[in-house]
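K.L.:
I have a structure I would like to understand better, so I am pasting it below and will then ask my questions one at a time.
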Amino acid sequence: MAQISDFFVDPASLPDTFAGFCQLLTLLFAYAYVLFVGSNYISDGSELLLLVPSLAGIVGSVVLPVLGAVPDAAIVLFSGLGPDAQEQLSVGVGALAGSTIMLLTMPWVLSVFAGRVSLDDKGACRYKKSPKLIPPMLSLTKTGVEVADSV
């Protein structure tokens, strides 16, 4: 009976040449494509489940979060396979934490960058005047955002 690790190519077995690098990139794109297609299947299936009125409540509250956690759990599970499972599992959990932190940080950074306006001489945001963003546009001290009073 074949082990699951027999289905994957060991990157250490690839040659240390440009051809080996190309093979590694091919593996990267192949694995990324498989993950992309699988993620789309999960997303499409979860949307179809929401169309069933009798299941909509339980699907939205239970099934969708579980389906969203399946890829992350698979990453941690497959990283724990092999002879040095403890070290590999640490890498898998680190990758999971890193991806979660990135997914929380990047939208915030991009929204602050896209929503920034020029500051006046007192440091207040110029939301009411046009243009909202005047040169220098990439200045860290002349542009900013303002939080609402409720925050």
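The chain as shown is numbered from 1 upward.
Cβ coordinates are placed from backbone N, Cα and C, and glycine is handled just like the others.
In case it helps, TrEMBL gives these features for our protein:
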type	residues	note
TRANSMEM	18-36	transmembrane segment
TRANSMEM	48-70	transmembrane segment
TRANSMEM	90-113	transmembrane segment
K.L.:
At a C-beta cut-off of under 8 Å, are there same-chain residues at least 6 beyond the transmembrane segment (48-70) that contact it? List them, or none.
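P.N.:
For the transmembrane segment (48-70), the sequence-distant neighbours (Cβ-Cβ under 8 Å, at least 6 residues beyond its ends) are 42.
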K.L.:
List, by number or range, the same-chain residues at least 6 past the transmembrane segment (18-36) whose CB is under 8 A from its CB atoms?
P.N.:
9, 11, 71
